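Asker: Dumping the structure here so I can ask a few things about it.
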Amino acid sequence: MDTLLNFLSDHIELVYIVILSIFLGIEVIGRVPSVLHTPLMSGANAIHGVVIIGAIIVMGKAESDNYAALILGFLAVILGTLNVVGGFMVTDRMLEMFKGKKDRK
Amino acid sequence: MAYSLLHLAYLIGSITFIVGLKMLSHPASARKGNLIAAAGMAIAIFGTIFLYEDTSDIHADGHLRNYAWIFSGLAIGCVVGVLAAKKVKMTAMPEMVSLFNGMGGACAMLISIVEFNHLLGPVSFTISLNDTIGWSNNANNLLQSLQHLINGVSPANAAGKLVIIMLGMLIGTVSFTGSVIAWGKLNGRIKDASFKGQHIINLSLLGLLLVLVIYAVAAYYKMVDMSSSSTNPQLVIRLLFYSVLVLSALYGILFVMPIGGADMPVVISLLNSFTGVAAAFGGFLYDNPVMLTGGILVGSAGTILTILMCKAMNRSLKNVLIGSFGGGAAASNGGAS
């Protein structure tokens, strides 16, 4: 119990960020029209690609003789970049198509 | 100076994610919102590459190394990502999103694996000590505990770190394999498959995963706390860690396998929010605010979006997730709702 409380108080700022972000996330997209569901999903998909920052840190910290870490980190950077770049591009293409449809009507 | 600039970059990144999501939920501003979030992401990424400093790293000056690796990884990812996103047919976009989502999950999984090995220390180190000097395991443990003390890590904090690593890996892996299965289903390469009692197996698998995580963390806590009775705690923890890896991969497959093709967008949205949570665990691991806010935002917004998508299809989330397990279950669920 004591250790748990200590852990909580050591990271209390992060805990606050988590709680506030949860409510923010709910509020921000609360009234999205259903046509935007898929682009929003795709956009959110690109945003969680922020995990690539972790991959960059892993890669940058790896000792140059630690091949396992180097290779795994390298793969992680590639996959994370794919997530970010691909995610934003696909979302943009979706929204472009969406706009075109509306103009024709 | 550089470090405070990095914090500014992370602040800008977090704000653009919030603004971007907000704008994405209105038809008129959606496209602009996407671009704003992308710009914020670029600022956060390049800020990390050039400005990151690890103040706790005692071996080097704390700056990142291996720039060649980082930039070639970024280049490969960019080229493949742009090509894939440009070439994909309009009708195939949801499956592309699913695949990219899986990549994010795999990225979180790989980070956790590297950080886990970093946390336990290299294998060869302990083995060579045992072999050459013939130290007892107790002495070996003592040495490790000393190492932790030098690094300023208390047992509780070290165990907390392992919790974060293991949960991040678990969720990332489930999201990875689940998204790949979802991609295959939308592609038509993978058919729906379910067997009787699959939801019971899934639930017990999930329970087993949680038990294994708790067990591994407890073993690690004992090891750091120098009170381990096990003969080789490191081996046990490694074994537990990799079995969690394999089982969560299996869970991701079993989780998506029985769900019908028409419900796939809902499942992809759910897996999307899973990856968000996995990214947030990465934020905890590195004390990184932009990963934390970005991940949690996607986690909560994705969950709400999943529920909204279900409502738009006139179904409940429960219905989508367990309604398709076997014909009988589907019928009774349909009747209930």
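Placement of Cβ uses the backbone N, Cα and C atoms for every residue, glycine included.
Curation does not apply to TrEMBL; its annotations are automatic.
Below are the features listed in TrEMBL for this protein:
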- A:12-30: transmembrane segment (TRANSMEM)
- A:15-99: domain 'NAD(P) transhydrogenase alpha subunit C-terminal' (DOMAIN)
- A:42-61: transmembrane segment (TRANSMEM)
- A:67-91: transmembrane segment (TRANSMEM)
Asker: Sort out the residues at least 6 away from either end of the transmembrane segment (A:67-91), same chain, that have Cβ-Cβ distances under 8 Å to it, and list them.
Answerer: 39, 42-43, 45-52, 54-56, 58-59
Asker: Over the domain 'NAD(P) transhydrogenase alpha subunit C-terminal' (A:15-99), what is the model's mean pLDDT?
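Answerer: In the predicted model, the domain 'NAD(P) transhydrogenase alpha subunit C-terminal' (A:15-99) has a mean pLDDT of 91.
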Asker: Tally of helix, strand and coil residues over the domain 'NAD(P) transhydrogenase alpha subunit C-terminal' (A:15-99) according to DSSP?
Answerer: 75 helix, 0 strand, 10 coil
